[in-house]
Amino acid sequence: MVEAIHRSTRIEFSKSSLAYNVQYTKQVSGAKTLWLAVKSNAYGHGLLQVSKIARECGVDGLAVSVLDEGIAIRQAGIDDFILILGPIDVKYAPIASKYHFLTTVSSLDWLKSADKILGKEKLSVNLAVDTGMNRIGVRSKKDLKDEIEFLQEHSDHFSYDGIFTHFASSDNPDDHYFQRQKNRWYELIDGLIMPRYVHVMNSGAAMYHSKELPGCNSIARVGTVVYGVEPSEGVLGPIDKLKPVFELKSALTFVKKIPAGEGISYGSKFVTSRDTWIGTLPIGYGDGWLAEYQDFQLLIDGQKCRQVGQIAMDQMMVALPHEYPIGTEVTLIGKSGKYENTLYDLHKHSGVPPWKITVAFSDRLKRMVVD
């Protein structure tokens, strides 16, 4: 998708807020090392925009989901540590070794196949251990031990550098399942050789359980919390300790006075009850501003203004208190005057969780670092 750089709609990303959240996360978790998840376009904030400023914000490494995300970062000239979290097809193992990625491996069979095609460049291996997420990774101690022994026996092709598990409910007030996974983790790794990177703390574990993870709490592998979203949405931790890292803004492209009884947008789901000033904005569900956000209060000139009518692919309308000139700034998420629209506000309005709101932002949205 083409980035719409000649359009007023944009994401304004705050470097200072990101740096603050990094330091806050390290402080709360006690982690000495923080790897920032920049998968899925950095949770919608912009893969390269965030990756380019991560190191100066205190981030010690990057984590992506797929090989192509890592390659894009490397091709942008960024030489930071990169972890590939998701499984990759074994035929691409030489590419992962070429770019010096810490590569997640989920089975001995994968290692055996990779051993046949790897060249002089060693593959840095990150072993996945399934303690209850039931997504990827080995489940038995024997399988884990066999993987480690294979890596040691084939050190000409592999470097055993990482091991991890992923907690499914570390941000849940009911920590029963977290405790079950934690206990399973320690049972599985007991007595086995550990690499230099032992990482189990996702955002929830880092914020609420770090002291319960002795020997495994020096690395925080996080995303949500650094992007300014409290993982439990205020249940287990204070929302106001984190800073929002972006604002979403646009500007009026058309303004007209509509008489009473007129339908607005597709299906005429909103009908004016009186003469109403209507403004048009160049943003829609094609940008990730979803249909679920219909009727959300936008901010214009320090006032709350209701979005009206069905949200179209590229445009939507807003009811104005009076006529505004074309080009007037509109804040969808962020501050205007005494009011602020947060991700939590949009979540309460729509039912869409904060991290899903941002991940939905499409590549068409212009992204810019503002401080």
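Cβ coordinates come from backbone N, Cα and C, glycine included.
The Cβ of K39 (active site, proton acceptor) has 21 neighbouring Cβ atoms from other residues within 10 Å, across all protein chains displayed. The active site, proton acceptor annotation in Swiss-Prot covers K39 (among others) and rests on similarity to another entry.
Under the heading N6-(pyridoxal phosphate)lysine, Swiss-Prot lists K39.
The local packing around M313 (substrate binding site), expressed as other Cβ atoms within 10 Å of its Cβ over all shown chains, amounts to 10. What Swiss-Prot records for R135, M313 is substrate binding site, and it gives similarity to another entry as the kind of evidence.
In the shown protein chains, 10 other C-beta atoms lie within 10 A of the C-beta of Y266 (active site, proton acceptor). The active site, proton acceptor annotation in Swiss-Prot covers Y266 (among others).
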Would you count the other CB atoms within 10 A of the CB of R135 (substrate binding site), including those on all shown protein chains?
-> 12
